[in-house]
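Undergrad: Submitted below is the structure of interest, expressed as structure tokens.
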């Protein structure tokens with residue numbers, strides 16, 4: 001069973017519907033006691049990093065997530081949920097994240113080196129470019145996936161970046177280390193590629209994919 005963490009800022013409906021299409025059992029909960037029964041976790045997210053971390057800390061979910069990961073439970077962060085996995089974000093002032101992966105979340109510049117402006121938020125379909133092999137990307141094609149974001153991750157740990165996309169800057173699109181994974185894009189809105197990634201994550205949870 002997959003536990004979808006409900007902290008009031010997630011795209012719960014689309015994620016749960018994707019899991020239903022794949023016929024995977026799931027629960028949606030804000031209760032660590034219920035979520036503890038899940039074999040793997042999904043941390044969705046839409047909105048402000050600062051607000052999300054405040055809620056996660058106030059509800060005890062931040063502590064629960066970190067403890068679950070340390071105990072070996074697989075975790076997948078989606079969009080803002082992926083950003084929350086990292087050390088900190090500069091959105092609305094510097095805010096400490098979950099610190100499960102090394103890196104900082106910064107704003108997409110919106111201006112090229114030549115001074116030309118481009119649209120932020122980054123909204124639409126962009127192509128994946130694979131960087132490192134991962135069970136999360138097994139039998140996944142380097143096709144287009146759907147992004148909606150104004151911030152992106154910068155990290156000195158190149159091994160964490162499993163796949164990138166480009167929006168004037170290189171955007172870590174899929175990240176992973178140990179039992180912690182994340183996608184900056186929305187797999188549940190990314191057609192066959194996104195569904196395959198969710199399917200691979202479920203296989204990781206079931207122990208069919210190597211971590």
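Heads up, the Cβ atoms here are built off N, Cα and C, so glycines get one too.
Pulled the feature table from Swiss-Prot, pasting it below:
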type: DOMAIN; residues: 1-211; note: domain 'Glutamine amidotransferase type-1'
type: ACT_SITE; residues: 79; note: active site, nucleophile
type: ACT_SITE; residues: 186; note: active site
type: ACT_SITE; residues: 188; note: active site
Undergrad: I'd like the number of other C-beta atoms within 10 A of the C-beta of the residue listed as 'active site, nucleophile', please.
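TA: The residue listed as 'active site, nucleophile': 26 neighbouring Cβ atoms within 10 Å.
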Undergrad: Fill in the CA-CA distance, residue 186 (active site) to the residue listed as 'active site, nucleophile', as an integer in Å.
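TA: On Cα coordinates alone, these residues lie 6 Å apart.
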Undergrad: Translate the DSSP assignment of residue 188 (active site) into the three-state scheme.
TA: helix
Undergrad: Taking the Cβ of residue 186 (active site) as the centre, count every other Cβ atom within 10 Å, in any protein chain shown.
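TA: Excluding its own Cβ, the number within 10 Å is 21.
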Undergrad: Can you tell me how far the Cα of residue 188 (active site) sits from the Cα of residue 79 (active site, nucleophile), in Å?
TA: 11
Undergrad: DSSP secondary structure for residue 79 (active site, nucleophile), reduced to helix/strand/coil, please.
TA: coil
Undergrad: Tell me the Cβ neighbour count for residue 188 (active site), meaning other Cβ atoms within 10 Å of its Cβ, over all protein chains shown.
TA: 25
